[in-house]
Amino acid sequence: MATILIPPADTLPVAWGWFQFLLLLTFPLHLLAMNAMLGGLILGVVAHLRGDEVERRLAHRIAVITPMLIALTVNLGVAPYLFLQVLYGQFIYTSSILMGIGWILVVPLLMFAYRGVYLYDFHFEKLGRLGLVIGGICAVIFLGIAAIFSHNMLLMGLPERFGEYFSHLDGSMLIASENSFPFRYLHMVLGALAMGGLAVALMGRFRAERDLELAEYSAKHGLRVFLGVTVINTVVGILYLLSLPRGQMLLFMGRDMGATIAFALGLLLTVGMLFTAWRGRLWMTIAHAVPLVVIMVFMRSWLRTGYLQKYYTLDQLQVVPQYSPMIFFFVILIFGLLCLGWLWKKSAEALAQT
Amino acid sequence: MHYPVWYLPEIGGGTLIALIAVFHVFISHFAVGGGLYLVLAEKKGLAEQSQAILDFTKRHARFFLLTTMVLGSISGVGIWFIIALVNPAATSYLIHNFVFGWAAEWVFFTVEIAAAFVYYYFFGRMESSTHLKVGYLYFFAAWMSLLLINGIIGVMLTPGAWAESSLFWQGFFNPSFWPSLFFRTCIAVLMAGCYGCLTAAWSDEEEVRVKMTRFSGIWSLVAMVAAIPCALWYVAVLPEQAQQLVTGKSPTVALALQYGLVAVILLLVLTLVTAILRPTLNNRPVALAAMLCAFVMLGSFEWTREAARRPYVINEVIYSNSIFKKDLESLNEKGFLKSALWVQHHEVTADNRMGAGHELYIQQCYSCHTLGAGNNDLAALTEKMSYPALVAYIGKMHTIRPFMPPFAGTDTEVRALSAFLAGEVHGKETVDVVAEAGDGLAAGKQLFEENCAACHAREDLSGAFAGKDVVGAGEMLSTLNEISDEMEPFGGTDEERNQLAGYLISESGGIVSTAGVDGGGVFDTHCSACHAVEDITEFTSGWDRAQIFTNLGRLPELVPEMPPFEGTETEREALADYIDGLKGGK
């Protein structure tokens, strides 16, 4: 049997459960922001393409909020990536190196697309159809970045393929041929598109006092997209499940009680949100979709555990206790939340005045 | 050794880190100082009731938002990505030790982003006092980000007691924490001034351009003056070896500092002349030139700071090539390849010597040296070295060049790496040769390769040893440290010193005994067909013995009709002695 190449883990300052908690807390926030950004931008570009007056206004509104959503996505991605490194550093660093070229490309691509989206926002009227091209290119780039992330997150769970490094010293390793990769990617991207539909509907709701026509159109169009894409994505999700290695698939079918319950809850929520979306109930749909994203994150975590359990479990991590830095972090976190609350309050007051 | 190496020999990971890191710090310091600048510029506009200044501030805020969000935050993520790709072991170590420091920094980063958006999008749409508070909040959050990162990256240079204890707070408040924080705050203010001049140069209104240029210039000047004591303090707290490196012991650092100094002087002149004394002179090319100076200055500082850690990436803990200091002894004993995870050859055999050597290069040298590319190209650096020279050098390179990590591994592994470099890279012989007893010149040659060839080509030393005898050359070898503090006196036995001295002067026109070889006979064989003895005496009358010897080696250059001297080196020595003797050594 070939040697499995897994670097040794570093020690932790507190028990691994704290990091798992923080990872599972922050990652859904990142996903929600990313979904709203990516799905919203795609819907905005499509609306811009169709060219109807209200759709053009919708595209403009989406162009205005997309840069903020990118900032939010990046920011909310930092925390889970940090905690992921603490728990699974030996895997994520290795997989990142094996696909180093693609991984580092994320940086210039993101910069380019981010700048492009600002251009699309600041010069929406002046650019006209050219803006559409810019927005379209940015959307394609974000889809590319999503593919790179999906690829890395899958590769980090496949240590048995790490040995292929020796044929790809330059970081050009690809595992796109891995059965589950296309379904995993498609499931994530369609999920983003569906949630983008919800974000568009929500954005319209917030604009109701200023532009009722836009608000009604956004809500209707957003929910319709959500409904249609979610139906397709449910099928893709099942295909994704079936494409998983048998051991991992069975985790959600009784082999692991927690994973199975999460899966069942996810299915129930899916049915519920399809129903509420069909009935045009935006807030109820959101109330189903957000917990579903959280459950998906938990399922994803179970899946990763399943991929790695032959080689590594979190309880193998050694702790050299130092609790004061964690207390410091929680104090800073509370302070930060208070600051954000204050900013929100002052912004709302200013908006109300204008 | 525990992680795979992302191997791009034509580029080098270090180059990628440098590119992204310098770019990021150039933006991120602006992101800190620029926040305060915006608030104070807005206050100035409000105090002077100048709509023009307020418009300028809003324009600058937009530029600020675009620059810091798009370029700053993404390049910050970029640094994270690239350090983990190039130096995963050190990154993992830092992340695990300081995870809650990074997490707290993330909180401030979040507040920073939110405040930046509110500040820009509510400019003029919010009560002024509240808007200013938002600006202050932004600046506070940005500066706190700087403070936290400063504590964590400072430990890489000056770990202090943390290197042993791994205690968070001991590492965070490391010896360079305060001077570095003050110095970086000055840099942040300086960046704000430079970027302010840049935006002012783009202003169409003459009055605003002049006013805000001078305002920005004062920021730059104050920051530069305040940075001087901070920089001195910073250098003073560095460990002795780091101090030596940043004060010129490392040639690359010395070069970087020269560039930095020129950039600082130019920036100071531009600030004084085109920003403060004659702000009307500030235009786009001038402002861009000032930005370029600031970029070079910051690049020089960051390069120097990084280089000052050498041979470590985390001082006293992990070497630049990801090998933990604590593992060195065991690696030397057991062998590096046996202990390394990401290699295919776990021991050196006659068949895999080159492959094993290549892997040793990738694992131990590549982090700082490319192969055939620009950054510390190892192919160029070892070009003049033979296999024995490499074997001798690699084993003790950390003593000759204290900024290099020691080789980790066995003697066999040293030879495999040397064989790869000499054989595979340069196509030279890779046979272990032992000089025959009694052959002093061959022994001297071997000693030269083992002790000198790493830094010196044989021909480069001809001038230094010209005219010397064995005793004189030997004395030089014993006092090499007086010639340059980068060298140490020759450390071999007296006999070895004489052998090396003999070899060095044998090709330098030194006074070598040529007993056994008849110079007159050599003259008859090689010269007499065309030259009479008298002619030669006259022709060489202005030359000393060393010049005669040297010129015998380049006869066609002196007179194109003459063929090169075809005798052996010993015959050349004897001939030089003979000719010199003809004129009585005068």
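Backbone N, Cα and C atoms are what each Cβ position is placed from, and that goes for glycine too.
The transmembrane segment annotation in TrEMBL covers B:16-40 (among others).
Per TrEMBL, the feature transmembrane segment maps to B:61-86 (among others).
Per TrEMBL, transmembrane segment is recorded for B:106-123 (among others).
According to TrEMBL, the transmembrane segment annotation covers B:135-162 (among others). Remote same-chain partners of the transmembrane segment (B:135-162), defined as residues 6 or more beyond its termini with a Cβ less than 8 Å from a stretch Cβ, comprise 28-29, 31-32, 35-36, 38-39, 42, 90, 94, 98, 101-102, 104-105, 108-109, 111-112, 115-116, 119, 170-177, 180-181, 184-185, 188, 237-239, 242, 305, 308-309, 313-317.
Per TrEMBL, transmembrane segment is recorded for B:182-203 (among others). For the transmembrane segment (B:182-203), the residues of the chain that approach it from at least six positions outside its boundaries are 26, 29-30, 32-34, 36-37, 41, 56, 59-60, 63-64, 67, 143, 146, 150, 209, 212-213, 215-224, 226-227, 230-231, 233-234, 267, 271, 275, 282-284, 286-288, 290-291, 294, 298, 301, judged by C-beta separation under 8 angstroms.
The transmembrane segment annotation in TrEMBL covers B:215-236 (among others). Long-range contacts of the transmembrane segment (B:215-236) within its own chain (CB-CB distance under 8 A, at least 6 residues past either end) are made by residues 33, 37, 41, 44, 176, 178-180, 182-183, 186-187, 189-190, 192-197, 200, 243, 246-247, 264, 267-268, 271-272, 274-276, 279, 290.
The feature transmembrane segment is assigned by TrEMBL to B:256-277 (among others). Sequence-distant contacts of the transmembrane segment (B:256-277) (same chain, six or more residues past either end, CB-CB distance under 8 Å): 193-194, 197, 213-214, 216-218, 220-221, 224, 246, 248, 286, 289-290, 293-297, 299-301, 303-304, 307.
Annotation source TrEMBL lists transmembrane segment at B:286-303 (among others).
For the domain 'Cytochrome c' (B:439-583), the model's average pLDDT works out to 76. Summarising the annotation, TrEMBL assigns domain 'Cytochrome c' to B:439-583.
In terms of DSSP secondary structure, the domain 'Cytochrome c' (B:439-583) contains 87 helix, 0 strand, 58 coil.
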